[in-house]
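The next block holds one structure in the form of structure tokens; read it before the comments.
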Amino acid sequence: MSYSFMSPPNAARFVLSNATVPAVTVVGFTGPSSEGLMKADIVVADGLIKDILPAGTAPAELAKADMRDGMVWPTFADMHTHLDKGHIWERRANPDGSFMGALDAVRSDREANWSAADVRKRMEFSLRAAYAHGTSLIRTHLDSLAPQHRISFEVFSEVREAWKDKIALQAVALFPLDFMVDDAFFADLTTVVREAGGLLGGVTQMNPDIDAQLDKLIRAAAANGLDIDLHVDETEDREVLTLKAIAAAVLRNGFTGKVTAGHCCSLARQDENVAAATIDLVAKAGISIVALPMCNMYLQDRHPGRTPRWRGVTLLHELAAAGVPTAVASDNTRDPFYAYGDLDPVEVFREAVRILHLDHPLDTAARVVTTSPASILGRPDIGRIAVGGPADLVLFSARRWSEFLSRPQSDRVVLRKGKVIDRSLPDYRELDTVIGA
């Protein structure tokens, strides 16, 4: 196969010469940088990165793929997705694009259609797309109201095993915390999650019982050795701020597991003093935050006949400045919560730069879809170009940020263990058997 910008060698040992790499993703090499980009030769041997050298200094006897200053990134980490919901849009669209419309549409579709075969077909379709785009780590939230929790976690466990050599998968139980009032259900859900090696999650809502609910969730997580990943404050309502309650609960219970909060949209609607105090508490509690810029911009401040007044995203800059681990992710894909998307972290990154103003400078921006989410997910071996690490790399013709962010990079080349993979995307027609033609 030929590529317009480089010719990958068919050899066990070779060098990607004259590459441009985001410095924030590189381990074991430093050099002069401009806008956070360095020039390097990357030596690959037997599927591993053997060395990272100054550009133009690799041993002459090695087979070479001249990148001609094209970028080389590590494979991506997509830390907040919904593989169980993916691609149901054609079967159950959101009639008005609203958050409540999405909830109702998904509930109806789940109750009518989410058999094991249906979930597996759509989940694997999504993973094939993600793999082709260059992703090697995904965390998915799974709708976990009974009896769906047992159906979806069983399918997930099977799919995780089948895909373990391509994409590392993690799963989070997603359910309204109000349902913990049913002790039998919550005990069964916790057992299912523990046996599947998953995480406890849920949707937090402002109510008089929020502190007790969070205490119960955290104690269950601690007793079962589970981490927590929550859907938080996905609303424009400034009266809603459960993020502060979550941080207080983590500190109150002395929880030592990892806690992640996704969305946190209403934080951006708070007065400066309230926002700053909340961010300080989040930092003290050691909570990580993931923003979902495409889905948040799609859903938030949507009112018929009215132009949206805000972007829907959380205070990512302020959180990061306070030392809070932060990242961005895909969220929903072609379902009632987001009608578009393909689990492509390049698209997510490109849109995040625009929506969240991650540019000017872009020096460390690449971290939000590589090193940061991988670290939050407990996989520091992923999302990095590291000496001794796997040659899991994504090669681009783009040489500079302006080039990278101005086109979809559809001509990218993905290497896994130093070998070029087939980047053919699955045909949507394959879903006709479950979604309908």
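Here the Cβ of each residue, glycine as well, is placed from N, Cα and C on the backbone.
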- Query: D331, N332 bind substrate in Swiss-Prot, but which of K85, K121, K164, K166 does that record place at the same site?
  - Reply: K85
- Query: Where the record says K85, D331, N332 bind substrate, what is the longest distance in Å from one Cα to another among those residues?
  - Reply: 10
- Query: Of H80, H82, H231, E234, which recorded positions come within 10 Å of N332 (substrate binding site), going by C-alpha to C-alpha distance?
  - Reply: H80, H82
- Going by Cα-Cα distance, pick out whichever of the recorded positions H80, H82, H263, D331 is nearest to E234 (active site, proton donor). H263
- Site of maximum Cβ density within 10 Å, from recorded positions H80, H82, K85, H231, H263: K85
- One should report the C-alpha separation between H263 (site 'Activates the nucleophilic water') and H231 (divalent metal cation binding site), rounded to whole angstrom, as 6
- Around the Cβ of D331 (divalent metal cation binding site), other Cβ atoms found within 10 Å total 28
